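What Swiss-Prot records for this protein:
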BINDING   17-24, 81-85, 135-138  GTP binding site
DOMAIN    8-282  domain 'tr-type G'
Amino acid sequence: MARQFSLEKTRNIGIIAHIDAGKTTTTERILFHTGKIHKIGETHDGASQMDWMEQEQERGITITSAATTAFWKNHRINIIDTPGHVDFTVEVSRSLRVLDGAVTVIDAQAGVEPQTETVWRQASEYKVPRVIFVNKMDKVGADFAYAIETLKQRLGVHASAIQWPIGSENDFNGIIDLVEMNAFEYDNTSQETGKVVSIPSDLESITQTKRKELIETLSTLDEELMIYYLEEKPISSEMLKNSIRKATLQASFFPVLCGSSFKNKGVVKMLDAVVDYLPAPCDVAAIVGFDSDNQEIVRTGLDEEPFTALAFKVMTDPYVGKLTFFRIYSGSVKAGSYVTNTTKGTKERFGRLLQMHANSREEVKEAYTGDILAVVGLKATTTGDTLASEGQTIILESMNFPEPVIEIAVEPKTKADQDKMGIALAKLAEEDPTFKVFSNHETGQTIIAGMGELHLDIIIERLKREFKVQANVTEPQVAYRETITQETETEGKFIRQSGGRGQYGHVWMRFEPNPGKGFEFVNKIVGGVVPREYVPAVQKGIQEALAGGILAGYQIIDVKATLFDGSYHDVDSSEIAFKIAASMALKETKTKGNPVILEPIMDVEVVTPNDYVGNVIGDLTSRRGRLENQESRTNAVAIRAFVPLSEMFGYATVLRSNTQGRATFIMQFAKYEKAPKSITEEIIKKRA
């Protein structure tokens, strides 16, 4: 099957935003206006096409990223709708890794919110060009100018309006195009019909001002435009459009549009902006990978190059089994062909190739550069793995995911549940890199860990609904961590000789704090005092010992371990002996490395009416919260603080009580910090 759309006519975009900004509603309107669906489903009715999971429909939120494809003005647009809730940021992160552009949706009344900042930061890490859609212009308190100001103040970006609203709240009924210098008035039908009209006379002055501001902002980024502007030459709409596209592709400028997805106003104009300003796969930089010798390999994104793709998501489909979602960066692949998983060094066979629409699917025979599809039949591939044509060794940069911060113990209710639970949890962990399953060695309990209470609630619900596993759960526990704060050198020596062949392993290790960089192992052995074949065993021994902790049994993080000396025995040395010796060396850091317990700190934002500001601040302070700032919003105050997770259990109920149910809050993991001495002593005592 030949390619249907050229690379230039392809767009891979994501819809990203804070929860309740209207992402899924916006995606539904895109699908409706592009003819992908013929009846609009509403999120609040549980009828959204993209929110296909039962839990999504019941809760009215997006939990998993859903992929679909739409067509607009002879362009193919692959769309991924992502969650806005902080517990599911992994879905945003892995989607952005494979997308070329994004539409950031913000609420016209609230402006930039905490999760907007998080998804914006994630998109910036991957250098994803974005257009910004200020949604809910029909909402009480909607303020387009305020929303743009929050973009500049809170995100610190070059963002300018390329549209201006005609009216707001109930009177929002049109959009002025600052590029074409015309206006579009809507009638109130679901078709987003309307007509091009001249700019209303009472808005002519502000239109000229805002167009001038747009040109001034762009001229600082575009030398040709600056010359025209300084010489007061007329700037055509075509020239302005080209300048916007160029700056947007460089992610140095972000055009701002407005509308109301729910009322079908502005979505078609936003689709035009996706085609006009967001990149095609051939507009983005060449993809760089490395071979097994760490030599750089470049793929420029052509169908003629060898097949190279990245697996970014794994999920279990009740009808076809394991589905692996992947993005093709070069070359093409046919259903039934064999490829290499270069990350794991294994051979995989591509079964059926599927073009997804939420949870429905359409089979295709061949896929090309720039395509985002799902494949059936991959056995060993997991999120972040590189797939390449046979004989290729390229490995693309993988993805990093945050560590879980909250844990609960799960116990199967019956023997039948016990048999099914292990398989079910393994499948769920394979799908979600921020969900972890492990056993408590002391109690024998199965522990599941995730990014928040909602995250784990959804996991338990999926166990029941999808896998028919009934389980009892304990109260949530904080996922504390341990680390060392002082560099130290320790010796680990393991000798067992009781007749016959013995065991001999001997290492000298240097352990150093490694803040924010995780575990790092360095081999500094010279002269073969520890033979090369035993070095991996030393590393493995340390990694296994890190998982068990040295103070209270919590995982040790952010440590650099250097093997610099040791000895061996020609006959008695073995891998197991060196593993044990390495773990003994790590345990010595309990007395020499000044170990501490780390607790997860949450970034909390509470939005409350003015009357309750004192109550909210007093309560946050009593929870060991550190106030960062407070900011006036429309008829409310936003209070931001860093608070230990251990102090936030049950906070929703207390906040409701303190504010008569009129305040809202959101929290997300910020960092790990050293726990106070009293908390540390209490934790160690409990774990003793």
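First residue shown is number 1, and so on along the chain.
Cβ atoms here come from the backbone N, Cα and C positions, even for glycine.
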CB within-chain contacts under 8 A for Met137 (GTP binding site), separation at least 6: Ala108, Phe144, Pro165, Ser168, Glu169, Phe172, Cys258, Gly259, Ser260, Lys265, Gly266
Protein Cβ atoms within 10 Å of Lys23 (GTP binding site), excluding its own: 28
Local Cβ density at Thr82 (GTP binding site) - other Cβ atoms counted within 10 Å: 28
